[in-house]
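See structure below.
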Amino acid sequence: MAKGFYISKALGILAILLGVAAVATIIALSVVYAQEKNKNAERGTAAPTSPTGPTTTSATTLDQSKPWNRYRLPTTLLPDSYRVTLRPYLTPNNNGLYIFTGSSTVRFTCKEPTDVIIIHSKKLNYTQHSGHLAALKGVGDTQAPEIDRTELVLLTEYLVVHLKSSLEAGKTYEMETTFQGELADDLAGFYRSEYMDGNVKKVLATTQMQSTDARKSFPCFDEPAMKATFNITLIHPKDLTALSNMPPKGPSVPFDGDSNWSVTEFETTPVMSTYLLAYIVSEFTSVESVAPNDVQIRIWARPKATADNHGLYALNVTGPILNFFANHYNTAYPLPKSDQIALPDFNAGAMENWGLVTYRENALLYDPQSSSSSNKERVVTVIAHELAHQWFGNLVTLAWWNDLWLNEGFASYVEYLGADYAEPTWNLKDLMVPNDVYSVMAVDALVTSHPLTTPANEVNTPAQISEMFDTISYSKGASVIRMLSNFLTEDLFKKGLASYLQTFAYQNTTYLNLWEHLQMAVENQLSIRLPDTVSAIMDRWTLQMGFPVITVDTNTGTISQKHFLLDPNSTVTRPSQFNYLWIVPISSIRNGQPQEHYWLRGEERNQNELFKAAADDWVLLNINVTGYYQVNYDENNWKKIQNQLMSRRENIPVINRAQVIYDSFNLASAHMVPVTLALNNTLFLKNEMEYMPWQAAVSSLNYFKLMFDRTEVYGPMQNYLKNQVEPIFLYFENLTKNWTEIPENLMDQYSEINAISTACSNGLPKCEELAKTLFNQWMNNPNVNPIDPNLRSTIYCNAIAQGGQEEWDFAWNQLQQAELVNEADKLRSALACTNHVWLLNRYLSYTLNPDLIRKQDATSTITSIASNVIGQSLAWDFIRSNWKKLFEDYGGGSFSFSNLIQGVTRRFSTEFELQQLEEFKENNMDVGFGSGTRALEQALEKTKANINWVKENKEVVLNWFKDHS
């Protein structure tokens, strides 16, 4: 699954833009927030419980000794196959509810004698069979025991069938159920999505099963290791199209008794996990092609989006990416077709359902007239991510969610390889450094981080499972796999990977199985020699949290490692069998020339002539940041690197010019180097035109903005940045002939975006005038947008920040009319840039109304408002006032809660804010925090670290910016 909370290159820069002109006292307001008018009458999303016969067990009556009161399924039964028929109703019934009806037959084998059948079920209302919620029969000559009673256990989400005698080991049985569920708009399980086609509201039925919501669609053994085959049949309105993981067995046939309905039966799936199931009923249309291996490729979307060719780019890159992965894995694509569909309402970024991949519209659709280059990059990388899963995750699947990083980290790494193959001139692989490596280090430097592989007993509940879908699993997983591939070499890595996939096809694995096959590849060749086994090296990166800071003393050649912590005074309570020491691959250059590779072999320190520098020499480690660690040097070597950057920066690779900035700012945050050293590392940027170093500076200085944009430091800081950015702003003004052309190179395009956003956000008059002029031109002729798609996020934000209600209302109206979600995203984020409190307050209230802000966009809208210095306190008050409602509407397992908490607390740096955060935690213990539980603990830790850092550095930073303005 792609990350659900996506920020494009341009939109990410809005974090710098928001609140630029608002360093004034913020007026506290008492706000009455509009309440959402729930289409389903706020009945929750559960259908009524069965009226007679069975019982419903609540949390207050649980007996923990009973297996149905535990979150993990017993291993007494294993499913073989399912036959599932579902009928979604796309108009509301007399009670105003959208529902679906269904029936299911699950065939399973008894592995150990048991007198109870425990199967997952969530928010389903069952039709009784002879007074029970299910019917049981034996297969062949097997006699099934009689059912004693049935019950629904709400807390653990089970349908429990108690038997009068035991099932026999080795025997096969079938259990039948008939049920009804709500086709809610909650983005989970079998749900409905709505969109407008002109003035007509359209409704479709779609799915999102990962991680624990297949059970909301039909009763099933809903764990990844409980693989089975599936026969899916959909009964649907005859004028709509039905899709599922497999192709239809044949044409749809009329439904008996109602000629307005059709029946579509699909081919049997391969053995697969429940979370990869998908089925959709809609009037969507497609564009299609056939890959060289006869795999049918189709891109589905709203009919107008298809007619406008918004799916063509996705179609054009899908075939090459599928071919790339088939070669990369040395394994053919396992299915006869590859459908991909863009959904108007979707909680995640995308989902790798086998053969029917679902996407947010902004991750699949592209319009060259209104989409930016970063939108295009988003499409190709997300497609590559999801198609990578068709083998790694779908064909071979994790045994349990505690190893989620193996699925998502791997896909997050190879997405860059697949996208690079489809777009070879873009240098996409380099973007992993800012997008993943350094972004995740900010979280992994906290004592509240967690290892990649979390102990299985810590991951049981749906909320705990959802917590695993975090930046550690995705970005740290990708970073350490990239490091592994680098020190093995890509060819050797691919050999081990192919062996792993071929050995465990249609099975479940743990990370240890991958290490074993990579080790076999190492042992079958002679050129690559490792200091220890693959497992011994990698266990230190996967079984303990965090990462090392490598410190080099070039006077003595001493090299040492230490667990890097954002707050060095914090206490690490999670023990590590490796004592937070790593086996570290070290690459280095001396005076720009490569040196031989070196391993720091799990010891705290060592000494080597590689790292000893003469008076005129400088040494730099971690070339192209292929290792997952940061580097510190003695003061003299830092000065030599700074001098090199000022005089002949080309002797340092571009990625390492960015690394010098990232590492030094992180080290300064952790009190390991003076903050002035980090700031001095930005002086060379006045002559730098490359994207990566500037992105490192923009990203690193954003922390300074968050800490100081409510203080007297911010004015001198803006003056410094205005002076630094002016040369690159003028460079791109000239290169693009006064912003009328687009730079040819993708990285130059991103550098141009950075230049304009940094210039405008720090008050460069030429940039502010550019934004105002372009936006006014658009307002004067709304049918013709003169702003290049690459620049729209920046121009929209700055124009709205400079303007008032007229500009805001114009942008809001354009948002309502936007036909492409990429354009809507830009406008929705820019609306948070206003400096008018009442407009921000009104905008916040819109997030509670899904008719104004879609549920999938509510979290990112609130966090955009919180990024604005004026909106931050409003957003925080809003979250505190509405936490219970938000939690009930989105559910404790929503991926959005961690992003929400992170977004509204990023600026916290005072004792008062810490007190408020602690009170928020205490006051909502009864409601809970769901998938945001760890994020809340991390917010508390970050706030404490921020308080200490500001106290220590405020005066020093103020004086530095004054001296360099």
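Cβ coordinates are placed from backbone N, Cα and C, and glycine is handled just like the others.
In the structure as shown, the Cβ atom of Met351 (substrate binding site) sits within 10 Å of 25 other Cβ atoms. Residues annotated as substrate binding site in Swiss-Prot: Gly349, Ala350, Met351, Glu352, Asn353.
In the three-state DSSP reading, Asn125 (N-linked glycosylation site) counts as strand. Annotation comment: Swiss-Prot describes Asn125 (among others) as N-linked glycosylation site.
Among the features that Swiss-Prot reports, N-linked glycosylation site is placed at Asn231 (among others), with the record citing sequence analysis. In three-state terms derived from DSSP, Asn231 (N-linked glycosylation site) belongs to an extended strand segment. There are 18 other Cβ atoms within 10 Å of the Cβ belonging to Asn231 (N-linked glycosylation site).
Look at Swiss-Prot and you will find Asn260 (among others) tagged as N-linked glycosylation site, backed by sequence analysis. In the three-state DSSP reading, Asn260 (N-linked glycosylation site) counts as strand. Here the Cβ of Asn260 (N-linked glycosylation site) has 9 other Cβ atoms within 10 Å, regardless of which shown protein chain they belong to.
The Cβ of Asn316 (N-linked glycosylation site) has no same-chain neighbour under 8 Å that is 6 or more residues away in sequence. For Asn316 (among others), the entry in Swiss-Prot reads N-linked glycosylation site, with the evidence type sequence analysis.
A strand conformation is recorded for Asn508 (N-linked glycosylation site) in the three-state DSSP classification. The N-linked glycosylation site annotation in Swiss-Prot covers Asn508 (among others).
Secondary structure at Asn569 (N-linked glycosylation site), taken from DSSP and collapsed to helix, strand or coil, is coil. Taking a C-beta cut-off of under 8 Å and a sequence gap of six or more, Asn569 (N-linked glycosylation site) has these contacts in its own chain: Asn948. Residues or ranges marked as N-linked glycosylation site by Swiss-Prot: Asn569 (among others).
Counting only same-chain residues at least 6 apart in sequence, those with a Cβ under 8 Å from the Cβ of Asn624 (N-linked glycosylation site) are Asp430, Val433, Ser587, Pro653, Ile655, Asn656. Sequence annotations record features per position, and here Swiss-Prot assigns N-linked glycosylation site to Asn624 (among others) based on sequence analysis.
Feature annotation from Swiss-Prot assigns N-linked glycosylation site to Asn680 (among others). In sequence order, Gln642 are the residues of the chain that are 6 or more apart from Asn680 (N-linked glycosylation site) and have a CB within less than 8 Å of its CB. In three-state terms derived from DSSP, Asn680 (N-linked glycosylation site) belongs to a helical segment.
Per Swiss-Prot, the feature N-linked glycosylation site maps to Asn734 (among others); the stated evidence is sequence analysis. Residues within less than 8 Å, Cβ to Cβ, of Asn734 (N-linked glycosylation site) and separated from it by at least 6 positions along the same chain comprise none.
What Swiss-Prot lists as N-linked glycosylation site is Asn738 (among others), and the listing cites sequence analysis. DSSP assigns Asn738 (N-linked glycosylation site) to coil in the three-state reduction, placing it in neither a helix nor a strand.
Annotated sulfotyrosine per Swiss-Prot: Tyr173 (among others), in sequence order, evidence recorded as sequence analysis. DSSP classifies Tyr173 (sulfotyrosine) as strand under the three-state reduction. Around the Cβ of Tyr173 (sulfotyrosine), a 10 Å sphere holds 22 further Cβ atoms from the protein chains shown.
Cβ neighbour count for Tyr416 (sulfotyrosine): 21 (other Cβ atoms within 10 Å of its Cβ, all protein chains included). Residues or ranges marked as sulfotyrosine in Swiss-Prot (evidence: sequence analysis): Tyr416 (among others).
Each residue in the region 'Cytosolic Ser/Thr-rich junction' (33-65) has a pLDDT score, and their mean in this model is 41. The annotation region 'Cytosolic Ser/Thr-rich junction' is assigned in Swiss-Prot to 33-65.
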Students should find that the Cα atoms of Asn231 (N-linked glycosylation site) and Tyr173 (sulfotyrosine) sit apart, in Å rounded to an integer, by 17
Determine which residues of this chain, when Gly349, Ala350, Met351, Glu352, Asn353 are set aside, have a Cβ within 8 Å of the centroid of the substrate site's Cβ atoms, and list them as they appear in the sequence. Met1, Ala2, Gln210, Ala348, Val357, Thr358, Tyr359, Glu386, His389
Quick tally, other C-beta within 10 angstroms, Asn125, Asn353; top of the recorded positions is Asn353
Output, ordered by sequence, the same-chain residues six or more apart from Glu352 (substrate binding site) with a CB under 8 Å from its CB, or 'none'. Met1, Leu276, His385, Glu386, Leu387, His389, Gln390, Gly393, Asn394, Ala411
Tell me, if you would, which residue among Asn508, Asn738 (glycosylation sites) has the fewest other CB atoms within 10 Å in the structure shown? Asn738
Cα-Cα, Asn260 (N-linked glycosylation site) versus Asn125 (N-linked glycosylation site), nearest Å, comes out at 25
Neighbourhood of Ala350 (substrate binding site), C-beta criterion under 8 angstroms, separation at least six: Met1, Ala2, Val357, Thr358, Tyr359, Arg360, Ala363, Leu364, Val382, His385, Glu386
Across all the protein chains here, work out how many other Cβ atoms are within 10 Å of the Cβ of Gly349 (substrate binding site). 20
Sorry to bug you, but what's the C-alpha spacing from Asn508 (N-linked glycosylation site) to Asn353 (substrate binding site), rounded to the closest Å? 16
Distance from Asn125 (N-linked glycosylation site) back to Met351 (substrate binding site), taken between C-alpha atoms, in Å: 27
